[in-house]
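Enquirer: I have a structure here, written as structure tokens, and I will follow up with some questions on it.
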Amino acid sequence: MFFECSNNGCVVHTSAKINLGLEVLGRLSDGYHQVETLLIPVRLCDTLVYSPTANPLQLKLIGTPSCPASSLACDPEQNLVTKAAELLADETGRTATGMLQLHKRIPTQAGLGGGSSDAAATLALLNRAWKLNLPTSRLVELAKQLGTDVPFFLTPGAAFGTGRGEQLEPVPFPAGVPLVLVKPPVGLSTPEVFAALGLAPGESASQASGYCKRLVDHLRRHAPITQWRNLVRNSLQPAAIRLSDWIDKIADAFHRLPVVLHQMTGSGSGYYAVCRSWREARCIASRLRGQHGQFALATRTCL
């Protein structure tokens, strides 16, 4: 996150993420799924602006070409930003006041973590703006109440997520790796994709092999990409393909292009490719942009 604060308010730019590997190990008795995943922040960002007022907290959602207003939830009360602000206010015994403007650039229902990133940004931003001075450790505990991926966005750099994905360990991963992000015209619901796996509570995934953990082990040894790129897999992808043929269409497009590796991120429908150079990433994004109405962007990993 990058903050800009003054007497007139605060601004935070909060990143998207990709899953460089995601393995579902099984379904827990509480209905959640046990996963291992490598989360990497990328430079595609939403911007959250806070202006102090004495009025009850309000949220204004502002769309952009990569995330049009038509794709945003109509009811601000259902937005994770509002929920995060109310949770922080309740936990600290204060009234939620002020105006929040959320400029959305991270596509929704794409597996890029936009909603979770916005929720984490709200906790961090209002902690500053309201002068609460809560430690990051407490913000992380609050973040766990908002969603599995939310704690990740309060910590710098890449992380290995276990449990439901909320138990995080830092992993070395370089900033500046060139990527192409693609989002087709349709999104995918995270609960629907997990449900399509067909696992009953308490059931283990029969195909689980620990590939994501092996990927992380390679990265911790600073192994070259040639030694670990075949471990970049997403066990949600077959379920996502059953729900939308767009995933196969994008995978096929990347198969025909000179990228290092490519994979669906999260529960989809977003997709990414790692490229050899920034020039290659820009050329590929330009080639894919607008095909069949899809969004494509060249970007990089970040800290």
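Just so it is clear, glycine is given a Cβ too, placed from its N, Cα and C backbone atoms.
The active site annotation in TrEMBL covers K17, D149. Annotated ATP binding site per TrEMBL: P107, T108, Q109, A110, G111, L112, G113, G114, G115, S116, S117, in sequence order. As annotated by TrEMBL, domain 'GHMP kinase N-terminal' applies to 79-155. Residues or ranges marked as domain 'GHMP kinase C-terminal' by TrEMBL: 230-288.
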Enquirer: Beyond the listed site residues P107, T108, Q109, A110, G111, L112, G113, G114, G115, S116, S117, identify every same-chain residue whose Cβ lies within 8 Å of the center of their Cβ atoms for the ATP site.
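Expert: What remains near the Cβ centre is A16, I106, G266, G270.
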Enquirer: Determine, to the nearest whole angstrom, how far the Cα atom of G111 (ATP binding site) is from the Cα atom of K17 (active site).
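Expert: Cα-Cα, rounded: 8 Å.
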Enquirer: For a three-state summary based on DSSP, what are the helix, strand and coil counts in the domain 'GHMP kinase N-terminal' (79-155)?
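Expert: Breakdown, helix to coil: 43 helix, 7 strand, 27 coil.
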Enquirer: Counting each residue once, how many in the domain 'GHMP kinase C-terminal' (230-288) are helix, strand and coil under DSSP?
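Expert: The breakdown for the domain 'GHMP kinase C-terminal' (230-288) reads 30 helix, 9 strand, 20 coil.
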Enquirer: Tally every other Cβ atom lying within 10 Å of the Cβ atom of D149 (active site).
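Expert: For D149 (active site), the count of other Cβ atoms within 10 Å is 26.
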Enquirer: Please work out the number of neighbouring Cβ atoms within 10 Å of the Cβ of G115 (ATP binding site), leaving out its own Cβ.
Expert: 23
Enquirer: Take the Cβ of S117 (ATP binding site) and count every other Cβ within 10 Å, whichever protein chain it belongs to.
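Expert: There are 27 such Cβ atoms around S117 (ATP binding site).
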Enquirer: Report, in whole Å, the straight Cα-to-Cα distance of D149 (active site) from G115 (ATP binding site).
Expert: 9
Enquirer: Between Q109 (ATP binding site) and K17 (active site), how many Å separate their Cα atoms?
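Expert: Here the two Cα atoms are 13 Å apart.
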Enquirer: Can you tell which of the binding-site residues (P107, G111, G113) has the fewest other C-beta atoms within 10 angstroms of its C-beta?
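Expert: Fewest other Cβ atoms within 10 Å, among the binding-site residues P107, G111, G113, is found for P107.
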Enquirer: Rounded to a whole number, how many Å is the Cα of D149 (active site) away from the Cα of G113 (ATP binding site)?
Expert: 7
Enquirer: Distance between P107 (ATP binding site) and K17 (active site) at the Cα atoms, whole Å?
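Expert: Computed Cα spacing between P107 (ATP binding site) and K17 (active site) is 11 Å.
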Enquirer: Find the average pLDDT over the domain 'GHMP kinase N-terminal' (79-155) in the predicted model and report it.
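Expert: Summarising the domain 'GHMP kinase N-terminal' (79-155) by its mean pLDDT gives 96.
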Enquirer: Using a 10 Å cut-off, grab the number of neighbouring Cβ atoms around the Cβ of Q109 (ATP binding site), all chains included.
Expert: 21
Enquirer: S117 (ATP binding site) to K17 (active site): how many Å between their Cα atoms?
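Expert: Pair distance, Cα basis, whole Å: 9 Å.
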